[in-house]
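Take a look at the structure below.
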Amino acid sequence: MGGERAATPDGERAHFLLADMEIHVMPPADQTVARWPAGGKPSLPPSAASRLRTSLWQRLHLQAAEALAKDAARGAAFLCLPVLLAGGAAFYFGLRQEPGTAPLVVILAFLAISAFLARHRPVLFVPLTGCLVFALGVAAAKLETWRAATPMIGSEITTRITGRLVRLEDQASGRVRLTVDVLATERPHLRYAPERVRVTARSVPDGLQPGEGVAGLVRLMPPPGPVRPGSYDFGFTSFFRGLGAIGFFMSNVERVELDEPLPVWARPARWLESARLALAERIRAHVSGPEGEVAVAMIVGFRPGIPEETNEWLRRSGLAHILSISGLHMALVAMTVMTMLRTGAALFPGFASRVPVKKYAAAAALAFCTLYLFISGGDVAAERSYIMLAVMLAALLFDRAAITMRNVAIAALVIVALSPHEVVGPSFQMSFAATAALVAGYAVWSEWRRRRREFSPPPSGSLVRRAMRAAFAFLAGLAATSLIAGTATALYSVWHFQRAAPMGLPANLTAMPLVSLVVMPSAVMAMLALPFGLDGFFLKIMVHGIAGVIAIARWFSDHSPVDAVGIVPLPAVLFLTVALVILVVSTTWVRLAALPFLVLGLALIAGRELPDVLVAEDARLVGVGDPAGRIAVNRSRPNGFTIDDWTRALMAEEMLKPRNATVRPSPDDPALAEPGFVCGDGLCLARHASGALIAHTQDSAAARVVCGAAALIVMDDVTAGNVCGAGEAAVITKRDLARRGAAAIRLVRDGASMRAEATFAVEEPFRPWHDYRAWSRAARGLPPYRREEGEE
């Protein structure tokens, strides 16, 4: 019997082995038998190798199908909807000309009908639905553009305005920024007046409140365009924010009585702005200085009062995200409220066991976050974060998981549908990249923790040991959060701002415990204690935490290396975005499909070519880069914002100011052997490292002298044309720049000479948000307007 029991397993194994065994029949004697090659190693016959390759391909195909089916079962198809919708919106804003409405309607109808007819054939239904969602993104963006239709002035003008105050903000410089709805203009009357303007003033009447009438003489200017191709476009942002002009008061701001009463629908907004203004003043009354202004920014959303030095410390250290009310602030507010309520309920076990405390806490957190949204001014970033958090808290109310990619996708769908233009902005991209990466990372960690609990006993030990373990877990979680979010947002940070935060991880590890455990909880407690007049105590605690954060930011900023990373090409951003989408959407080995896109994106960044010359849209400033990390400019006092952007874009560490000459420089001037511009008698010349000569002048006669020697001539004259003949220097006039925006120039060798290839920031025909550019005097070739004597 023992022998039988011992033999049985062997027999069973043999049975299963035989089932999988491939039996080969010996060939007949008259057939050729495969022999070993001369090298002594066996090789498969061609037919066997072909079968093996086919088998491997079939196995790979089967495994890929299984992985895709698993991702589909986990909702990957739904997660792709906001990606496609956002892609359609981004495609619309990237088009060179405005698409027609009729063709778009025809395409939508065709795709909708085709998807409906193919609903029972997944091979056709899935791609057709994807194309339909993409086209819906295009349609949503076009609809938003049509709804905005913001009237924007084309040229600078001085006029007297009468309007209604919408918002009042104190600036760090001591000036006051006003957002005004324009009701009337006079001296001169503007036939195409902007509906809303943002202007600054030295001071305002005491007690001036939103909703009241203001009047005064103002200098209005159109919103500036990008300072170089691919940079931030103020005109685009102003168009969708309803701002038709910017400027400043040339006289004192007057409080006036308006004939038109405030509409009923606008009164809640007026009351809310007045409440925000009063709350900001109350915070400043308790705490002052940079810390108080940061507190105002984090609670009320007013950021202009923060000193630029503090802003720069926070930017260089990677902590600037705490200033913008976004997902971090909303999450910390919700967490503080829920923790307080659930902890309080735990003190009454009977009550906690009878009622769903978690749901009540989630509802209270949602209500408090709604109040926070209104108090903060309802900025776009705050609205987006609120929608995302509201979806997650609503999931808790209905007994669903809160932290899921599906909830992130729902929030993204809502935001893209409501504000498609946000898709191309840094705030949307960085926010959702960080959130999606964190949720995906949380899912991986949750799965790892579940498996660990299945195979490992629960941790034990003394109270001290458990406390140390909890502290380590907190710090490890904070480090992982900072690392994941920082990595996901780094792409969009360097693309939009051309700067990275090398010390961002250690700075966040050091500062975020203060923000999470001191600053934001104190802010919540201050708002809860405000009706009882006890907010001052908590505000002082909050400011002590902010002071610590600023000190940390300053230390890391002072010890941070150069953070400029140069221009990142758009194709690289697209490839890396596809890689990120694959990594966060898939939960299987399909994630490996992100590797080719990742490699391509990084390769494009490594092989990029930076511009050699940058020209401002007003034709007054020219910057020439060199391989030594310097940028030479033709003005002794260039615009600070422009030159800061250019130095980051060209990875320059030093700015070379022009050298003045007593006479007009010539192309063979020995002074041009040194880097930098040489300026004299209305002509500035600089020699690029490639040997190309760059010229800037307002004088057509001076330009003609260097036509044969220069590769590029920038004419600061709207009436000038191409003063050089064919085969000579490329000429960019002030009129060209007024219409097409700032220029980036690459110097390309063409035989024995250098040729300048220019790329402009604005394409023609103009899109709706750039239409105003066509009406400037410079764009029409007209010199600046000069008021004649006696003219009013």
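A Cβ is built for glycine as well, from the same backbone N, Cα and C atoms used for every other residue.
Unlike curated entries, TrEMBL annotations are predicted automatically.
Here is what TrEMBL says about this protein:
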TRANSMEM  76-95  transmembrane segment
TRANSMEM  102-118  transmembrane segment
DOMAIN    104-250  domain 'DUF4131'
TRANSMEM  124-143  transmembrane segment
DOMAIN    298-585  domain 'ComEC/Rec2-related protein'
TRANSMEM  319-341  transmembrane segment
TRANSMEM  361-382  transmembrane segment
TRANSMEM  389-416  transmembrane segment
TRANSMEM  428-445  transmembrane segment
TRANSMEM  470-495  transmembrane segment
TRANSMEM  507-530  transmembrane segment
TRANSMEM  537-556  transmembrane segment
TRANSMEM  562-585  transmembrane segment
TRANSMEM  592-610  transmembrane segment
Checklist outcome for this item: Stretch winning on C-beta pairs under 8 A with the transmembrane segment (319-341) (pool: 102-118, 389-416, 507-530, 562-585) is 507-530
Next on the checklist: Within the same chain, where does the transmembrane segment (76-95) have neighbours whose Cβ lies under 8 angstroms from its own Cβ atoms, ignoring anything closer than 6 residues to its ends? I mean 6 or more beyond.
Outcome noted: 126, 130, 133-142, 405-406, 409, 412-413, 416-417, 420-421, 423-424, 581, 585-587, 767
Checklist outcome for this item: Mean per-residue pLDDT in the domain 'DUF4131' (104-250) works out to 94
Checklist outcome for this item: Across the domain 'DUF4131' (104-250), DSSP labelling yields 49 helix, 45 strand, 53 coil
